[in-house]
Structures are given as C-alpha cells and as structure tokens.
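Under the heading region 'Disordered', TrEMBL lists 33-102. The feature compositional bias 'Pro residues' is assigned by TrEMBL to 45-58, 78-90. Positions annotated as GTP binding site by TrEMBL: 213-220, 295-299, 357-360. The feature domain 'SRP54-type proteins GTP-binding' is assigned by TrEMBL to 378-391.
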Amino acid sequence: MEFVLIAIAILLVGLVLGVSLLVGRGRRTTRLDDDAATGTTLTRPRPPAPAPEAPPRPSGSTASGLGTTAEPDAVQPEAPPAVVLPPAEPEPGLVFETPPPSSGRLVRLRSRLARSQSDLGRGLLTVLARERLTEDDWEELEETLLAADVGVAATQQIVARLRTQSMVLATASGAELRALLVRELTAVLGPDLDRSLAVERRDGRPGIVLVVGVNGAGKTTTCGKIARVLVGDGRSVVLGAADTFRAAAADQLETWGERVGVLTVRGREGADPASVAFEAARTGVEGEVDTVVVDTAGRLHTKGGLMDELGKIKRVVEKVAPVTEVLLVLDATTGQNGVVQARVFTQAVTVTGVVLTKLDGTAKGGIVVSVQRELGIPVKLVGLGEGADDLAPFEPETFAEALVGGAD
C-alpha cells in the first residue's frame, strides 16, 4: 500500500513539473510574437568602410603637412646661393591720348583753311585792287561772293558797304584793301553771336549734347572729335551711341572714346535710340561727369517720321537731365542745300548751334554766313580735315582772314 502511495506522489510531482515547463515556454513565444506584430525590425549596422590608405608622405614631411622634419639618417643638401632679383617693373596701364585744348585751334588750322579758300580771297582782292571799279567790276564781286555761298542778302550788304568806300579803295594799298575786306566779312559773320558750348555740369547734372544731321554729314566722327575737344579742355565725358540703325556707328564711336579714355554707352543693333540716349544720360548723372554727347542716326530732312523721333529722344533724355545743346552737323560742300536741311531740323528740335564739316575741301565757305543770317543759328564748330584734332571752335575774324588770305 505504501508503495502505491509513493508511486502516486511521484507521478503527481512529475505532472506538476511538466505543466510548469509548458507554461514557461508558452510565455516566451508570446513576447516574440508581440515584437513581430509591432513592425520593428532589427537591422544589422553596416560595417564601416575601410579607411583609404594615406598616400606615402614625402621623406621628412610631418603628419600635418605644415612643416617638415628631417629623417635621422637623411643628409641635408647645401642651400643654393641666394639670387637677388631686380625689383619688378609695374605693368604699364592704359595710355590715353591727350588732345590739345580748344583755344587757338582755328589759328593753328588757319593755313589749311586759307589754302582751301584761296580762290575766293584771290578773286575778291583782284577786283578790289583795280584802279577804278566799274559796274561790271561790282557785278563780278557779287558773283564771286554768291559763288562762295555767302547768300544774296549778305552779298548785297557787303557790296553796298564797299561801294560807299570806293573812293578810299581807289588809292588804297593792298594791305589796306585786305583789312577792309576782312572787316566787312567779319561783320556779316556775326561776331556778337554767342558761340560758347553749353556743356558745363550744373545743379548736379551733366550738360547733355545731342548731335543731329543728315546721312553722310559726319555726325559720328564729329561726336568723337567733340569728345576730344572737351577732354582737351579738362572735362569728363560720356558718349551715347544712339545711332542704332547703322551697324558700324556704335563701334566707330566706341573707338573714338577708347582713344581718350571716355566711356561709351551702346545698345544692340536696332534698339530704341531713345532708350540708349536715356541710359547714356543716366550713366552721366550717376558717374558725375561734366558732359554727355549723344550721337543720333542720320536722317533725311524730308522724312517726317524720323524727324519726329528726334523730338522723342530729347523728351526721354530730359527725364534725367535737360538737353543743354543741340548741334546740327552740316556738310559744307552741300552749299545752299545745307540751309534747307537746317531749317527742317529746327522744326523738329531747337537747334542751338551748327557744326560745319569738310570746310577744308570746299570753295563754299560762305555757307557759314548763309546759315547764320537765314536761321539765326551760330556756327560754333568747324571741321578742317580728317585729323582727330581738326575740329575747332569758330572764330569770325580768324575765319574771315583765312577766307581772304594773302597775308600774315
């Protein structure tokens, strides 16, 4: 009986132990299942990439590379002898041309003008030197003046004044005749007209010069020469290439500016001329320069639309600074046709002065008189050649002396 009880007890103990083992295993399985349900994954970290091998250091270099240390067994070479170099010469900067000042230019160019107008002066003096002047002589004198494009009104004035002094001329010497003729020509050239260029900086803004004229009169070249005149007188200048219709105009003007160290404002080919002129004026204001010279496209005086464009350019520019000078460039070889051109331009913009070009190669120097008398516009500058400094302020008496010629 005792044996049976012991066996039952052992059986019960074994049963209890078995149940305990089953319960414990079930608990561990549930925890793992709960972890899997959360979506958490265990990711192995990637092994670090092997560090690249450092390049071998040169013999004697330190790890930082900031200096060198000699290896114990290395033999240091002897230092080379010191070489003394001469001081470095500074690179030469841009060298600009220095134009001569405007004063006295016409005097320097007088001989050139006298050569080109020698026929006029010689013809006038030949008639006046005759012992007695007949009606035919007076008519010849008139024809000589008219052929020089002096104009009808001015010619009549000159001849009338000379007639009143005919008794004096009958016994006068050649020098006296010449002085008389110079005096009369000077009188009709308007010595009292204001020929100064309004190019001064005022009220914190530069003087603005618009240069206008027909095709082929030499406007772009004249702009470049005006810049040289201003630079020669010590003024700072900005050029505006508002002739956007002629492909080479902006390049040509830029070349003129580069020679004297002047900035040129330009636009793309075919751009609005008024916008280029505006930008040039704005650049001049911001750069605090003395004068802005704006080149405009050549236009026939018979084209109304192009003439109206000049008015637009002027209005747009004056949003920045007032236009202080409008110079009309006339080719002296055109003669009386130049007067017609000038009259039409004055209807589009207020022309304040005339620049006569190519005066050295024409026998029509009297156009100076015609333009001034018929339009009331002073000739302010004259071009007497193709040289860079052959543009000169107009001086009536010097011009009259050159027209008559024959003396010093």
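Note: Cβ is positioned from N, Cα and C throughout, glycine not excepted.
Bear in mind that TrEMBL entries carry predicted annotations, made automatically and left uncurated.
For THR296 (GTP binding site), the same-chain residues 6+ apart in sequence whose C-beta sits under 8 angstroms from its C-beta are LEU210, VAL211, VAL212, LYS219, ALA242, ASP243, PRO273, ALA277, LEU310, ILE313.
Annotation for the binding-site residues GLY213, GLY216, LYS219, LEU359: lowest Cβ count within 10 Å of the residue's own Cβ, GLY216.
DSSP assigns THR296 (GTP binding site) to a strand in the three-state reduction. Secondary structure counts, DSSP: the domain 'SRP54-type proteins GTP-binding' (378-391) has 0 helix, 6 strand, 8 coil.
Across the residues of the domain 'SRP54-type proteins GTP-binding' (378-391), the predicted structure has a mean pLDDT of 88. DSSP assigns GLY216 (GTP binding site) to coil in the three-state reduction, outside any helix or strand.
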